[in-house]
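If you look up TrEMBL, you'll see Thr44, Val198 marked as pyruvate binding site. Sequence annotations record features per position, and here TrEMBL assigns active site, proton donor/acceptor to Tyr131. The active site, schiff-base intermediate with substrate feature in TrEMBL is assigned to Lys159.
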Amino acid sequence: MNQGVIAALVTPFSETGEVSESGVARLLDTLRPHVDALLPNLSTGEGRWLTDGQWEAMLRATVKHAGELPVLAGVLRPTTEQVLERARVAADLGAHGLVATSPYGAGVTQGEIYRHFADLAEQSGLPVVVYHGTEVSGNAADFDTLLRICELPSVVGVKDSSGSADFTRRLVEARPGARVLAGLEHLLLESGPVDGYVVALANVEPALCADLFAGRLTDPEGALTEACERYGLEKDDWYRWVKTELFRRGVLETDRTVDTGEVPS
């Protein structure tokens, strides 16, 4: 569930802006032979901007069409209480785990971050993967706090999107008791022997991601660099670029996004 290639899914929309179940089904058909788990509703899935209804529709469709793949529910909500509410819904819908950030806000303390994940571990009813990075929440656990969080019984992984390959390698070397997952494409090959990848790239190049993780490529750096450039994975709106490509291929029926409804040319 929390190792290998985990596809951070885009959220397919219909022409009317609803989650497209048929789009989810087509997308998962292309991923199923190559990836090890599915992760809807995180940053690539525009999870920050999904309504509760859209969030539930995307998770429900993912679970329905996942086949035998485990589904980790991404939850990007500002407070512990809101994350727990979504986690309970996720468990009812059949999710196998939860991926969540720290509470939002630049002033959140290390103690508050620890207590947040302790509450999730104790009350969510799901195994917890820590989404580590400042992009969404505006804060992050420091190294020692993160190690303490990883000691919590229900915390099973860390998606490290800190932007520092050194930090990821240090975490791997510490053997924290939870799996370490690399979360940024351009740092995959610098992050050391991680337990898995959580990447948007898997939406468009799932076989490449599997080959990268398994070490089967003769020029992995060249292949990864080319893919990151082609799909705009280092841009602020990477999910738009990924949707544009999937729409071009006919996997998605539209390239709509939550925030504007369309992808700029």
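Cβ from N, Cα, C; glycine included.
The distance from the Cα of Thr44 (pyruvate binding site) to the Cα of the residue listed as 'active site, proton donor/acceptor' comes to 13 Å.
Packing around Val198 (pyruvate binding site) is summarised by its Cβ count: 29 other Cβ atoms lie within 10 angstroms of its Cβ, all protein chains included. Cβ neighbour count for Tyr131 (active site, proton donor/acceptor): 27 (other Cβ atoms within 10 Å of its Cβ, all protein chains included). Between the alpha carbons (Cα) of Val198 (pyruvate binding site) and Tyr131 (active site, proton donor/acceptor) lies a span of roughly 10 Å.
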